[in-house]
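*Asks:* Below are the structure tokens for one structure; questions will follow.
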């Protein structure tokens, strides 16, 4: 997309108000998502007493969202600069698929991680090592590397192996419109929908199995279930609308390309960026160990975050629902008092959290 003096290879820059608006919104969401997901990755490693495999997957999802935000930030910052140029190099279907390959990888890897987190929730057990922060060299396991390699292969299948016989020009790059074989596009959207939906089903099944247990695993599963419901709903809406646009354009060959690009910009790009922006906030708000780790890592958050003012999620029993009001012994302390208490290394034997951890390990 470099400036070129050849008018045959040039297209007029997009200067419509909608394009400026979308670019500005995506840049704001990308900056926020990049900063918060980078910080939440550090917090995930310190979120005891969550099991290490669960922390590892949550950190992997946060890294994925950080990469997605960084990619979108670079892309929109470049567009923001070149939109004022008198001539832009015309985008083709081949160059568009090359540009959007990292985006497809992030979407597939995110869906696969959500699916694995749902499956993993049915087999979690606390170990004594889970009470301590996770080492950085344990952040990536062999099977996580395998999943990433499979996601790269699937991304290549949906982009590089598309039989694009004609390198057609495009007004604006959109990966769903650049793939010439429509069944690949529908297969990609179907795969993402199924992975997110199946992951939610598995974590809801885990919450049913854990409903009678009063442990940190059950609290964490119920908290993650709330996050999964919101994020899966947003993903389903995004992917469903994107599929409708692709189907509309596939059925009606002479359709409004500008309308399709605008809808896909909103549904397929902005909504996932909004999810990546909200994901760290959901984790800190709903998951109690994440809140505790966040305030221990960044004590300044005690003044801004209503840490421990919320009780853990309700854990329904077979006949009724019960709320376990567990609060930190630091609930009424200021940040200075908290730091002073931690400097004295006061034992936490009276903390409700330690009692529950012992129950988990005893199980």
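Note: Cβ is positioned from N, Cα and C throughout, glycine not excepted.
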*Asks:* Please identify the range among 63-83, 294-314 that Swiss-Prot labels transmembrane segment.
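*Replies:* It is 63-83 that Swiss-Prot describes as transmembrane segment.
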*Asks:* Can you check which of 164-184, 227-247 Swiss-Prot lists as transmembrane segment?
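*Replies:* That would be 227-247, per the transmembrane segment entry in Swiss-Prot.
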*Asks:* Can you tell me which parts of the same chain pack against the transmembrane segment (141-161), counting only residues 6+ beyond its ends and a CB-CB cutoff under 8 A?
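*Replies:* Sequence-distant neighbours of the transmembrane segment (141-161): 56-57, 60, 97-98, 100-101, 104-105, 108-109, 112-113, 116, 175, 179, 184-185, 187-188, 191.
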